[in-house]
Every structure is written in C-alpha cells, then in structure tokens.
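Enquirer: The structure is given below, and queries will be raised subsequently.
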C-alpha cells in the first residue's frame, strides 16, 4: 500500500458563532478578501477578520434585524439596511456612525456604493431603488420599474450605470446621469439573485434561481451566453480580476465559465452549502455561508482550478463561435473609461437638482430625529489589537486592510494508491492526521472539507483537530484499513471527534459477538444504547441548573459575583462557558476577575480536554496582555505616604495575581515542550509571560 501527499483544492477554513441570534446577511470586502461584515436578527453589524475567531467591532443602532450590508471600495466604510427601511453608514477607521438615512417604507434588501464613494444605492422589498447622497443625508433620486423586491444592485466600474436584479425575473440597467432606465433583460424565468459588471469590458453577468448564469452585451444590449449546467440556485457570481472567466457559486459547487463560445472550464465540489458571497485574494477564492447564528469560511485554491482550455463535456452546450475573439476567448469590445476624479459624481449631482423637485425625485434635509438616531448608534471595538492592525493606518499613504497578505496554507491530502480488502472480525481503522505547512494538526483525511466545525462554546483561532478513533464499522461498499492509531502521549481528549468518548460502536453490531450467539435483536441493541443514558440526563440537568443560576446573577449586572458563583460550583465546564463569554468581550475584564479566575485557569491548562485547554490559553493571554503592565507598575511603585485604602487594595490584588501568574508560568513552560499546535500555543504564552522572570 503506497501513500502519497497532495495539496487539496478546497477546504473549510473556520466556523464561528457570529451573533447571539440568527445571521440574516453578510458580505466580504472585495478589495482585500480579508474582511467580513455580518448582520443579525439581534440588530447588530459585526466586523470580522477572515480566519480570526473574535469579532473586531460591533456596530449598534438598528432597532430591527439587519437585512443587507455592503463595504465601500476601500473597506473603510460599511452601510447596513434594516427591516424597518432605515440605512446606517459607519466609518470603520474612526469607529463612529456617519449617517442615518430614512426613506424606504419596507425592508432594505440590497445595497451598493458608487465607485466615487459619495453616493450609494439601496433596493427595497417595496420594489423601489433609491440613490443617496451620503454627504447631504438625502435621497437624490428614486428609480421605479420593478414589480417585486430588488435583491441585488451593482454600479458599473465607470460609475455611470446601475444594474438591478429583482424577484420579478428581470435585470434592469439604469443611466444615472439621465435618470432613466436604459434597457431591461427578461430572459430569466425565475428570481434573479445577483448581478455583476465585468471589470473591464461592457459585459454584465446575472445569476438566478432558475439555475442559470447569463451574460449580457452592454453595447448591443443582447444576451451573449447562458449556462445550463447549474445543479442549484445561483447565489453568488464573481469575475476573475483579469476578466478572463466567471465564477458561479451554487449549493456546494463552484463552476468556472467562459463565454463566446459558452463553456464550463471546471467544476469544484465544495461543502459550503448555500454560499452567500465570494472574494478573491492571493489567487485564492474566499467564500462564506451561514446557517442560523453560525458563519463558515471556505477557501478554494484557484491555482488548482482550470480557468481556460478545453471544455468539461456534458456541463454546458457550446454555441457556434461568433466573431473574432481575443486571447482570453471573449469578443473584442469596448472597455470602461474610469475617470481619475469624481467628475461623474458632479455630473450626477447637477443632473439630479431638477429631479429633486419632480415627483420622481426626493430630498430630505437632516432632522432632529436623525441626529438623535446617530447619537444612539455606536461602534463598539471588541478586539482592540486586530482593530488597530486593520483599521488604523500607520501613514497617510497606507490603506487598510493591508493589500499584501499571505495566502491561507492548504492542508495536505493523503491518498491511498491501492485498496485494502475487508477482513472478518472487529474492524479498526487508521485516522491519519493532516499536518499543515506550519506543523499544526488539521484533522483526518476526508474527501471534501477536511477541517471540522469549531464548537460554538469555544473560541479558537484555528480549526480543531479530530479525535483519534479506536474503533469503527467497516462499510461493504468502501473497504477500510485495519489498524489502530495510538493516542497522543499527553492523553488530551480532542474537542472534535468522529465518535463519542467511552462508546464502542462495535458493541452494537453482530459481527463482534460470538458466532454461536447469533445476531443481536433490536431490544438488546437499544438496551446497549441506553446504557448510561439516565446518568447523562442527570448530569446535563444539573449543568443546566448551574448555568441558569449563573445567568440570573449575570443578568443583574454583577459579572464578578456570577463568575464567583460559577467557580464555587466546582464544575470546570461551567467556568469554561462563562470564560468563553468573557473572552468574546474583553472590556468586561477587571482586576477583580483575574484574582478569581487565575487559579481556575491553572486547572484548565492541565485538563485532558482540548477545549478546556484552548479556553484557558485564550483567557491567560488576554489577562497578561491587558493587566501585566498594571501589575508590574503597581508592585514596582514606592510605598505611598499616608493611608490610601484604594491603592492598598489594588496592591494586594496585584500581588495575588503576580503569585498566581508565576505558578502558571511554570505550567506554561512545561507544556511548551509539546510538539504540534498545543506546543506552539504554549510557546506563544511563554514569550508573553517572559517579563515575569525579570
């Protein structure tokens, strides 16, 4: 049996819990491919850095669920539309609300920024499209024509046109300067979900619930291509940055299309479910999807995806090759002329002055109600370090996020060159861990997405490894290897497992029993399954009561007392749950909390459960970064003159924290000798705690 290593094409990067309630919308920053904004039914907009587990910033102010979000081209601003019809615009670098725009009578379901930056368009469930001047807080024009909700808007690269896609199965093209519709495309047979302009040429692409992607010539205003190979609703489309091909995202599948003639270059099966948005960075496609309150990131290595050449047969019907084509395979046509200044915006502004006085146009001046709503909105920075790194430029020239970022390392995929025939008797299988280029454990070999889901109760920066399986059931249609993978020397129970701890699947199967005993009956099998069920129910009920007690204390606003009550229960699982909440919101941490939790962190770091170790590491890292300067300065300060009770109390707390941190330093030093991801985490902590030795 030969084993070979190959780099996989697509993988799941991470899964996070993005909101306290269901996620209702999200968008990736297209400039960097590294920023994500999510909107939820909790009325918040959260800003995330791709691959990092903690929210950078949480934007508040909406009083109804957030239905759509959009970044501007520089990713310095974000606008969000709500179910109530209001829009709110935030400046991410300044971490403040800029504008509150009111005007739609129904839910806002689509947004886009004008390339010049001073205008934005919004589409609503009421079928209206509005153009806003963000400097004047006013709607400068309203476009009517659709009969159903407008689900996608896109400005042309030169800023002169606006394309809209609607549930009425049409795509409309609007002239912003003339203030009227240019043309309407009606070839789709179901709701159109997404539209996008070609980055250079006069082409427009649209994706629909009719399972087709269509391309439209914007010089002749006719359809030049249509795919017929989609297996599901088309939810996202994206042109390659050089315009050579078009990517289409539908359920669990990425397709790569060419046109003139129509052809499908490649099909990549990705387990992303209902993909919501796509972006390209470092020759990698970043994709996001959401389900309930979870958001998942996926990566597709575009260097391993076919973007030209022969057609994949049977996926799309080729049409006769038309007029002479360019090197990229597309018909030579006019390119957009991008203005170097905001002249287009000025023309649009002048053109709209008369429109404001017409029945079609609207204009609102800022009101006291708007001012009040602006004050009620806020931008809460939940992760100061990542915020400073991403949104605060170090010079006038630099733009954020950084344009040059490293591509995400792909896990390795092991493949067997020959099969191993199934043998009778109890079967045990090898689960071979995948190690990435940084020497970190990524998980076992799988045929689709090798990285498993991150548990929602634990915040971790990287996907978790999968537990070693000691027994498994062989499949008649898929023979497996029969040997056992030894447990790690540390004896840690990994946080993501293929099978539950302490449950042997072989106990329920007839082939592990004595041949004379015959097959196990249904009742006997159920009795085996029910073993320990009552005990488990008692344990879970007890844990629920404890959590409810902590929650009731927490609701009163006393975080310290709720943490102390969790500690007094002598149940580390309760402490871990509370810490995971505190780790999400560092502003809740106080010196008082450190004195209570540091002894518990020592137990967590030495726990056999990987999830406990991870939570302990995150909490310890946060404490050292936030409180070590205060502790060291307080202990090094000369004695005060007279009686200062507050200072004396602080000195005692700092002294207790220092003693506990010294104990933890020894634990960290011993664990840093481990190999792999855990060892690297403890090495990082060891470096952070180095000043304790001086």
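Cβ atoms are placed via backbone N, Cα and C, with glycine included.
Not my notes, these are from TrEMBL:
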type: REPEAT; residues: 16-58; note: repeat 'WD'
type: REPEAT; residues: 59-100; note: repeat 'WD'
type: REPEAT; residues: 101-142; note: repeat 'WD'
type: REPEAT; residues: 143-184; note: repeat 'WD'
type: REPEAT; residues: 185-226; note: repeat 'WD'
type: REGION; residues: 317-411; note: region 'Disordered'
type: COMPBIAS; residues: 324-349; note: compositional bias 'Polar residues'
type: DOMAIN; residues: 531-689; note: domain 'Katanin p80 subunit C-terminal'
Enquirer: DSSP says what for the repeat 'WD' (143-184): how many helix, strand, coil residues?
Expert: 0 helix, 23 strand, 19 coil
Enquirer: Do any residues, 6 or more residues outside the repeat 'WD' (16-58), come within under 8 Å Cβ-to-Cβ of it, and if so which ones?
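Expert: Hits for the repeat 'WD' (16-58): 64-71, 73-75, 78, 80, 82, 90, 92, 95, 276-282, 284, 286, 288, 290-297, 379-383, 386-387, 390-391, 401-403, 405, 408, 454, 456, 459-462, 583-584.
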Enquirer: Check the repeat 'WD' (59-100) for me and report the mean pLDDT.
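Expert: Average per-residue pLDDT within the repeat 'WD' (59-100): 89.
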Enquirer: What are the helix, strand and coil residue counts for the repeat 'WD' (16-58) according to DSSP?
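Expert: Output for the repeat 'WD' (16-58) reads 0 helix, 21 strand, 22 coil.
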Enquirer: How many helix, strand and coil residues does the repeat 'WD' (185-226) contain under DSSP?
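Expert: Output for the repeat 'WD' (185-226) reads 0 helix, 24 strand, 18 coil.
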